[in-house]
Amino acid sequence: MLYNLLLPYIHNSHIANLFHYITFRSGLAVLVTLSLSFLIGPRLIKFLQTLQKYGQPIRLDGPESHQAKAGTPTMGGIMIILSSCFSTLLLADLTNKYIWITLFGFVSFGIIGFLDDYAKVTKNNHYGVKGKSKLLLQGIISLIVCILLEYTIDSPSHMLNVPFFKSLSMDLGYLYIFFAIFVIVGASNAVNLTDGLDGLATVPIALTAGSFALISYLVGNLIYSNYLQLTYLPNTGELTIFCASIVGSCLGFLWFNAQPAEVFMGDTGSLSLGGVLGIISVITKHEIVLGIVGGLFVIETISVIMQVYYFKATKGKRIFKMAPLHHHFEKSGWTESKVVIRFWIISLIFVLIGLSSLKLR
């Protein structure tokens, strides 16, 4: 909004000219979302405590230490969604189609998560919306996003770029739409599975969003994309501001979500954040890189898949003491804080590997 309002004065005012730079608006986006999170956080938490009689339902078969979390309110993802959307609408170019498509997906996945959280807190169990129903809704939203990208963006690409290789890419044709849906839905659920401990998912999400802030900026810049031999995608640079907003809102949320958590992001936060990271990876044509920088989410998801299939195949035996993987380490005697910090370190390593693919090819 501010960019569009100040656009006529960019060449006449030094202050207005600052808003011409994506880097300036991105840095400002982090500060705005961080400040807004600090401002609305305490009020939102108090409201959620009043609204939710029992708070987030705690699994009885989980680690014993988790029973102390009973009564902690969920739906804290509302804070992330509100602050991120406000900052993006305030600082991004509102004529940019990518911004609106991304915001649509972000809010839509957040609504799915909200419905799931609402079902959990009203029924006082951890089941929520049925898995198949939730998956169907995610698929529909992802399909709508893909259709919007297909028919509202000039020259949509169906190419799948392979990182670490200069010219290795595959034209998937219209099969790319199904691949994109898989990426978006998969990312949404992967982040959701990872969000099981205080602060565990928040930092990896911020790191991944920060990575895609850089990627969006590079592929949206003709000079940098040519230098790094990346596919140039005009107008994607504005997504840098949205990604920066996610970073700021996650850091602000972490203030209240650090152990012992005052609030959980719930599916409202995890489904929306995972889904929008998937959407941005599709727009920037770095879907595989998302699987690398978000490697922690992939590992957590694989651990669940392995556990389920092995349990069914062996009629009751388990590979892990409990899935997702972070619960296995808790059951093995690691403290919650040790699991969280070590998983943050692992996430940072994956991010560095993923970002190295931008240059090493």
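Including glycine, each Cβ sits where the backbone N, Cα and C put it.
What Swiss-Prot annotates here:
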| type | residues | note |
| --- | --- | --- |
| TRANSMEM | 28-48 | transmembrane segment |
| TRANSMEM | 74-94 | transmembrane segment |
| TRANSMEM | 99-119 | transmembrane segment |
| TRANSMEM | 135-155 | transmembrane segment |
| TRANSMEM | 167-187 | transmembrane segment |
| TRANSMEM | 203-223 | transmembrane segment |
| TRANSMEM | 236-256 | transmembrane segment |
| TRANSMEM | 263-283 | transmembrane segment |
| TRANSMEM | 288-308 | transmembrane segment |
| TRANSMEM | 338-358 | transmembrane segment |
Looking at 74-94, 99-119, 203-223, 338-358, which one has the highest count of Cβ pairs under 8 angstroms to the transmembrane segment (263-283)?
99-119
Taking contact to mean three or more C-beta pairs under 8 angstroms, with sequence separation of 6 or more, is the transmembrane segment (99-119) in contact with the transmembrane segment (338-358)?
no
Ranking 28-48, 167-187, 338-358 by Cβ pairs under 8 Å to the transmembrane segment (203-223), which is first?
338-358
Quick one: do the transmembrane segment (74-94) and the transmembrane segment (167-187) have at least 3 Cβ pairs under 8 Å, skipping pairs fewer than 6 apart in sequence?
no
Do the transmembrane segment (288-308) and the transmembrane segment (338-358) come close, with at least three CB pairs under 8 A (pairs 6 or more apart in sequence)?
yes
Could you pull out which residues elsewhere in the chain have a CB under 8 Å from any CB of the transmembrane segment (135-155), counting only those six or more residues past its ends?
97-98, 101, 104-105, 108-109, 112, 177, 180-181, 184-185, 188-189, 271, 275, 278-279, 282-283
